[in-house]
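J.: What follows is a single structure, and I will ask about it in a moment.
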Amino acid sequence: MKFVDEALIKVEAGKGGNGCLSFRREKFIPRGGPDGGDGGDGGSIYFEASSDLNTLIDFRYTRQYKAENGQSGMGGNCTGKKGEDLTIKVPVGTMVYDADTGELLADISQPGVPMLIAQGGFHGLGNTRYKSSVNRSPRQTTPGSPGESRNLRLELRVLADVGLLGLPNAGKSTLIRAVSSSKAKVADYPFTTLHPGLGVVRVSPYKSFVMADIPGLIEGAAQGAGLGHRFLKHLSRTCVLLHVIDIAPLDGSDPVADAKAILNELTQYNPDLLNKPRWLVLNKIDMLPDAKEREEKIQSIIKGLEWKDKVFSISAIESKGTQELCYALMQLIDEMKKSEA
């Protein structure tokens, strides 16, 4: 299925039903009093997260959503039927913005919890409501009020504990395939990953975390170059970021310069991302079979980046060092979630 993480739609809640103008008409009662009933409230529009969805593609084809209008009141003091509410299902992690004002209306991160987005119109009042000691035959009614109408911008941000960062072909997709059940596409050319992929990493029968494979960044991604600009936003919900670096790139590029390019893009896009825990993952150590040469390369990268946080040397394709990485990630995620509780 095609991955779509942005959509523009219009929602319109139902109009309230009008109040009824009616008088009691029965045999032998020529001047019956008012008996016009109230209208029904208009239906409201709710958004609710569903774990079964992972893309906003449905909103590319259906862009207008309207709840049911309330029924008008009737004689005999009968109240009109309330308009049926409309519940729109979206993927977990969807953010709902007012497209006209930019206001964040809802951050839908919990499945099964409906969130009100557009309030239905209030019902109109029938003429029975206006009967008084000085006005026994009121002809006054009120119409139902219109429901809220909004232009919405939907933005999906994947919910993951760990985000993988790196230039194209750094080996992110290979890593996520090695440690999870994800079937991310892997090939020897840039931009194999065209949308964020999620993999569940299970370190024990009762412990697991979610890893997100973010499409490869290139220099200028924060300004929209390559694929990174659209997907940097998905990093905002992660607990920890992994900088995945190809320790021995075939094109002869400098791994230190590659890592600095990624850091620069993060800084330009959102400096707050740099406050997250960030670990360095040096991938493809299998390309340097000589232990001394490999260790010298690792130390030169750490020194060149002035890296102070954790460093892991792995071979994703051979699953070397990946288990230690996953256990360390699980421990960090558990500690962070306990501190937030």
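Glycine is no exception: its Cβ is also placed from the backbone N, Cα and C atoms.
Look at Swiss-Prot and you will find 1-159 tagged as domain 'Obg', backed by sequence analysis. Annotation source Swiss-Prot lists region 'Disordered' at 128-150. Feature annotation from Swiss-Prot assigns compositional bias 'Polar residues' to 129-144. Marked as domain 'OBG-type G' by Swiss-Prot: 160-334. Taken from Swiss-Prot, the feature GTP binding site applies to 166-173, 191-195, 213-216, 283-286, 315-317, supported by sequence analysis. Look at Swiss-Prot and you will find Ser173, Thr193 tagged as Mg(2+) binding site, backed by sequence analysis.
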J.: Under a three-state reduction of DSSP output, how is Ser173 (Mg(2+) binding site) classified: helix, strand, or coil?
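T.: For Ser173 (Mg(2+) binding site) - judged by DSSP and reduced to three states - the answer is helix.
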J.: Counting each residue once, how many in the compositional bias 'Polar residues' (129-144) are helix, strand and coil under DSSP?
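T.: Counts, helix then strand then coil: 2 helix, 0 strand, 14 coil.
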J.: What does the structure give for the C-alpha distance between Lys284 (GTP binding site) and Ser173 (Mg(2+) binding site)? Integer Å is fine.
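T.: Pair distance, Cα basis, whole Å: 13 Å.
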J.: Average the pLDDT scores across the domain 'Obg' (1-159) and report the rounded value.
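T.: Taking every residue of the domain 'Obg' (1-159) together, the mean pLDDT is 90.
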J.: Do me a favour and check the Cα-Cα span between Ser315 (GTP binding site) and Ser173 (Mg(2+) binding site); whole Å is fine.
T.: 12
J.: Fewest other Cβ atoms within 10 Å: which of the binding-site residues Lys172, Lys284 wins that one? Let me know.
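T.: Taking Lys172, Lys284 as the binding-site residues, the minimal 10 Å Cβ count falls on Lys284.
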